[in-house]
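Inspection log for the structure reproduced underneath, given as structure tokens.
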Amino acid sequence: MYQLFRHGIFQMDAEKAHNFTIQCLKLAGNPLFKPILKSIIHAPKGFPKMVMGVNFPNPIGLAAGADKNGDAIDGFGALGFGFLELGTVTPVAQDGNAKPRQFRLIEAEGIINRNGFNNNGIDYLIENVKNARYKGVIGINIGKNKFTPLEQGKDDYIFCLNKAYNYAGYITVNISSPNTPDLRQLQYGDYFDDLLRSIKDRQTILANQYNKYVPIAVKIAPDLTESELVQIADTLVRHKMDGVIATNTTISRDTVMGMKNAEQQGGLSGKPLQHKSTEIIKRLHQELKGQIPIIGSGGIDGLQNAQEKIEAGAELLQVYSGLIYHGPKLVKELVKNIK
């Protein structure tokens, strides 16, 4: 059935297809239709897992970028995910970069996007989270607005952290999207140190205010040198971050040279990212020595490479592009088999 649906949406522009899918899942998540979706999917229960102090119903999650505004929480939840990471969301709504900004690399099962954190703002997302019936874990991925100067970037993260804290199972700090100018600079040196210090200080205040501890993860890029990766791992440990997501999209085109749309600017996700993200997970695991859990993301399209990420050191996994190319059966297969 999904192959038929895929054939239809692949006739559309990639972003229009995405928006159409979100609307379909929003409708399917409606209490009137959700039982029908669940009866079609037959999602297995999966294996519960405690990570970052949070009890996940199963270790398979939806990666950020799929449901930026939390419009289809219950629809995605019905597919069997143990957790959903919503966003990236910013303090105020923004349109993102000029269209077209999403491109399929069909022969490689990849996607290039240069969206630029298009979203309806943190308040809109929080309202959707409040209204959702989904029983799994909700992560909220936060970023900075495009026109906020880098020097004031931490203020945007703190603003979103304040808003999201009471409604999130965990929060992700996204400093690794290649589509917001200079954002990746926040991964390095004094910027990184200052940002993490400010976030941890605010987390302590919020934990006392709400009488609960909400873990905070950092999402990193795959395009890191060895010394950069070592430095990032050291900084994460020093600031006692609760988790790290490896990885975001890549700016490399090594695996897709010459293919249609490969020349488009933006972050490349999907199968071409598979090996690179697994290697980053492996090296990160060696550096972190089990002190901080890793959430693996990047190119998961089947059980074998999902298992490779677990063996490399990931404790939880996230999918997005693989869902576009392979449909809900991918989620079902992973939930059924990954522990």
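Every residue gets a Cβ built from N, Cα and C, even glycine.
According to Swiss-Prot, the feature active site, nucleophile maps to Ser177. Here Swiss-Prot flags Ala64, Gly65, Ala66, Asp67, Lys68, Thr88, Asn141, Asn174, Lys219, Thr247, Gly270, Gly299, Tyr320, Ser321 as FMN binding site. Annotated substrate binding site per Swiss-Prot: Lys68, Asn113, Arg114, Asn115, Gly116, Phe117, Asn174, Asn179, Asn248, Thr249, in sequence order.
Sequence features annotated in Swiss-Prot and their locations in the structure.
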residue: Ala66; record: FMN binding site; Cβ neighbours (10 Å): 22
residue: Lys68; record: FMN binding site; Cβ neighbours (10 Å): 23
residue: Arg114; record: substrate binding site; Cβ neighbours (10 Å): 21
residue: Gly116; record: substrate binding site; Cβ neighbours (10 Å): 22
residue: Asn141; record: FMN binding site; Cβ neighbours (10 Å): 28
residue: Ser177; record: active site, nucleophile; Cβ neighbours (10 Å): 25
residue: Lys219; record: FMN binding site; Cβ neighbours (10 Å): 26
residue: Asn248; record: substrate binding site; Cβ neighbours (10 Å): 28
residue: Gly270; record: FMN binding site; Cβ neighbours (10 Å): 24
residue: Tyr320; record: FMN binding site; Cβ neighbours (10 Å): 22
C-alpha of Asn248 (substrate binding site) to C-alpha of Ser177 (active site, nucleophile): distance in Å?
7
How many Å separate the two farthest-apart Cα atoms among the substrate-binding residues Lys68, Asn113, Arg114, Asn115, Gly116, Phe117, Asn174, Asn179, Asn248, Thr249?
16
Listed recorded positions are Arg114, Gly116, Asn174, Ser177; which of them have CA atoms within 10 A of the CA of Asn141 (FMN binding site)?
Asn174
For a quick check of understanding: given the listed FMN-binding residues Ala64, Gly65, Ala66, Asp67, Lys68, Thr88, Asn141, Asn174, Lys219, Thr247, Gly270, Gly299, Tyr320, Ser321, what is the maximum Cα-Cα distance in angstrom, as an integer?
19
Taking the center of the Cβ atoms of Lys68, Asn113, Arg114, Asn115, Gly116, Phe117, Asn174, Asn179, Asn248, Thr249 at the recorded substrate site, which other residues in this chain have a Cβ no more than 8 Å from that point?
Gly65, Thr88, Gly96, Ser177, Pro178, Thr180, Gly266, Gly267
Using Cβ atoms only, which residues of the same chain lie under 8 Å from Ala64 (FMN binding site) while being at least 6 residues apart in sequence?
Glu85, Leu86, Gly87, Thr88, Gly139, Asn141, Thr172, Asn174, Lys219, Gln318, Tyr320
Provide the number of Cβ atoms within 10 Å of the Cβ of Asn174 (substrate binding site), excluding the reference atom itself.
27
Determine, using Cα-Cα distances only, which of these recorded positions is closest to Lys68 (FMN binding site): Arg114, Gly116, Ser177.
Gly116
In whole Å, note down how far the CA of Arg114 (substrate binding site) lies from the CA of Ala66 (FMN binding site).
14
